[in-house]
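Asker: Would you mind keeping the following structure in view while I ask a few things?
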Amino acid sequence: LVLELNQVIIPTYGTVPDQQNLHTPEWVDFDDKPDSLFFKDGQRRIDFVLAYEDEGKKMTHKRSDRKKQKKKRQVYESNLINNGLQLEATRSVLDEKLIFVKVHAPWEVLCTYAEVMHIKLPLQHNDLKTRDSAFNWFSRLFRVDENIIKPEQEFFTAPFQKEHLSNFYIQDKDTFFNPATRSRIVHFILSRVEYATKNNVKKFGINKLLDTGIYKAAFPLHDSSFRHLSMDPNCPSERYLLYREWAHPKNIFKLQPLDFIRKYYGEKIGIYFAWLGFYTNMLTVAAVVGVGCFLYGCLTKDNCTWSQEVCDPNIGGNIIMCPQCDKVCTYWNLTITCESSKKLCIFDSFGTLVFAVFMGIWVTFFLEFWKRRQAELEYEWDTVEYLEQEEQVRPEYEARCTHVVMNEITQQEEYVPYTACGKCVRMTFCTSAIFFWILLIIASVVGIIVYRLSVFLVFSAKLSQHISGTEAIRKYLTPQTATSVTASLISFIVIMILNIIYERVAIVITDFELPRTQTDYENSLTTKMFLFQFVNYYSSCFYIAFFKGKFVGHPGSPVYWLGKYRNEECDPGGCLLELTTQLAIIVGGKAIWNNIQEVLLPLVKNLIGRYSAAARSEKVVPRWEHDYHLQPIGKLGLFYEYLEMVIQFGFVTLFVASFPLAPLLALINNMLEIRLDAWKLTTQFRRMVPQKAQDIGAWQPILQGIAILAVVTNAMIIAFTSDMIPRLVYYWSFSVPPYGSHSSHTMKGYINSTLSVFNISDFKNASKPFSPWFGNQTTCRQVYRDLRYPPGHQHQYEHNIYYWHVIAAKLAFIIVMEHVIYFVKFIISYIIPDVSQKTKSKVKREKYLTQKLLHENHLKGVTKNIGKIADKIIKGADSTFQPKDE
């Protein structure tokens, strides 16, 4: 039977009957039972709902177009009935043009397709004894009350087979297939039933009918209102319980009822919330350590010697800095950066180094423990062998299968959508398109850099700084600060605009690739979107961290960008504070934008639809009509939720050395994100079609790649962006003889020794400032720590010995930090197994039971039948050769 289904039903998707032989749904009136989940007879459960506008009452299309749409719909519904589904049509209560077709799958259809789809179903109760964790008593304080949401019973399961029906744990045929499984089976059929044939090309599937407007919606039903229990005593009101015990803000500190979420929404939704909850819990540790490092910086900032020297009027007040741009910029006093140097002491401290090392190890623990947790969920949710056995080919792929190739494994002919040459052409085109759009993103980043370089001249002229100025506002509003903040805001706006464009581009490229399965499709799209988003979000941060202020020359010989714009310089304390500002604006702005886009827009749309419906009628409305007016889940489902969290994970790990409070902000955001996503799913959106998922897909290797890259970026931020290494070199080598004059190691004199001296008479005419020189001094100091010999030295303006010591120390630090952290990561990965011993035992026990119950019982039946046949043969032989009576 299964072979017959695979050869007939699935490839052909039914047949197109004659117009006279079309089967039509049963027409019934609404029975005024608003919470009913059944056909009018009260026996057959509604597994899916289709909605369309009556073609005879449409006024937006030509009459001929309406006839074509009606014929396609009628053929489609007839083929659904031919495939065993039962349909019942009801006109809308609020809109007479709208018609709802309710779909029910009988027992035989469910059994047939459960076998085709290799769905795992219960064999017997799990008889393995489980030992409670030592922390079970503590976690119970945060769990949902078991009297409200009862724990799911654990079963050993096996792929369903009709011939072994008696071996499965069937107490009631109506509940053997839960609503989520029923909806999944029906959606499988809906996606593969044909509605037309044109030029020998079959058109099929509910998705195409939705795209062309023949149907307005297709969705499984929520089982109740989220505001109150269902009036139907047979309804478990699972949606109401999910809202009350999971999505409501009062549950922000409670653990999620993951098994219940999986039961209602399917494994794909469940694995997302399991991962998000696990990530949020792990962030708690990182947030505590990050806050501790931040507080350490706050407590020690008053002992920051180099900041005290900057703010000291007798030290910083006597240091005159060279102009930061050509002609329009003026000389300025180092004390102007006093406030920023105090803030920098908070982030550029020894605690930052400790935290960067800690985060490199934390991310390894997070990924390794998540693998263990994921393995447990794979077993508990029956997805261990999902990819190999159960996932079906995408209908879009099947429709294009016109080329015949030889399967290397089975040595049989099979159909594929393109030849090897065609596949190479597609891959070449897609790869070229991806690189083109990435280069376009980089071009936008270059545009922001040009803006920064050009607008700095304007701010330097408008925000004129005088050496004797003491206005309080100039402590904070410096040209560098104004340029940094405005550029960060513009960068954020550009990022949001480009995201909208790149989303559509990535979908078009992936559709052109034509992946075979839905998992392949999502993994391919995930890789493309993350590449786009990675360059889009992180490029400005990489520029500030590793390029700004690194290639500027010196005042007598500056380096120009594009031959016109003088390269940017960092503050005397480095670019670390600017990187922190950039991160805060992007992360904060992104969180606000996402919440507006994900929560506020669906809420406003639903409120508008609700009030317009209420204005039309006060009638009793059925469950399917309530759900129809909710917002549909997009085709990509949870893709954007994952993308948002992975981008956040990148900010938390890649640049954490510049912002130790990032894990705390991420923790707060994620605690709200879990409840907002849950609230959105349970109250604002139609019920998603339940889908299987073995793991988080392509996001797992992306997270591992970010974790590896994070070690390098944080080591380089500490080495090249912060001022920690130059300070350590000065403290241990250049504050004492032979290079220094102090008798013991100290940080005194650090500022004066690290700001190189420049003779103002050496300015070129192209960069000489317009403003007059104040005082009798003939030199100024370079803004950045370039460590060059002073004027008059035989190697004037060349790098001095201090510079080469610092470079050597930076490179040594990067090598040592990377190797130490990578070694620790390797040891942790080796020690922590991906699958716990308890899970391994459960998997082995299940395989043993499957073999015993299904195969051995089947073998006994076959042996018994063979024995009967043998007895008959022997009896026949005896009668044949029995001697005749004489």
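Each Cβ is built from the backbone N, Cα and C atoms, and glycine gets one as well.
Per TrEMBL, the features are:
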DOMAIN    38-258  domain 'Anoctamin dimerisation'
DOMAIN    261-846  domain 'Anoctamin transmembrane'
TRANSMEM  272-297  transmembrane segment
TRANSMEM  350-370  transmembrane segment
TRANSMEM  434-461  transmembrane segment
TRANSMEM  481-502  transmembrane segment
TRANSMEM  645-668  transmembrane segment
TRANSMEM  702-721  transmembrane segment
TRANSMEM  811-832  transmembrane segment
Asker: Using Cβ atoms and a strict cutoff of less than 8 Å, what residues sit near the transmembrane segment (702-721) while being 6 or more residues removed from its termini?
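Answerer: Sequence-remote neighbours of the transmembrane segment (702-721) are 352-353, 356, 359-360, 363-364, 367, 526-527, 530, 544-546, 550, 574-576, 579, 646, 649-650, 653-658, 810-811, 813-814, 817-818, 821-822, 825.
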Asker: With the transmembrane segment (811-832) as the reference, find which of 272-297, 350-370, 434-461, 645-668 contributes the most Cβ pairs under 8 Å.
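Answerer: Looking at each of 272-297, 350-370, 434-461, 645-668 in turn, the most contacts to the transmembrane segment (811-832) are made by 350-370.
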Asker: For the transmembrane segment (272-297), find every same-chain residue at least 6 residues outside the stretch whose CB is under 8 Å from a CB in it, and list them.
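Answerer: 255-256, 258, 261, 345-347, 349-352, 354-355, 358-359, 362, 365-366, 369-370, 373-374, 377, 638, 641-642, 645, 649, 652, 656, 660-664, 666-667, 670-671, 673-674, 677-678, 696.
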Asker: In terms of Cβ proximity under 8 Å, which residues at least six beyond the ends of the transmembrane segment (350-370) contact it?
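Answerer: Cβ under 8 Å, 6 or more out: 275, 278-279, 282, 285-286, 289-290, 292-294, 296-297, 652-653, 656-658, 660, 663, 703-704, 706-707, 710-711, 714-715, 717-718, 722, 724, 817, 820-821, 824-825, 828-829, 832, 834.
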Asker: What mean pLDDT does the predicted model reach across the domain 'Anoctamin dimerisation' (38-258)?
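Answerer: Average per-residue pLDDT within the domain 'Anoctamin dimerisation' (38-258): 85.
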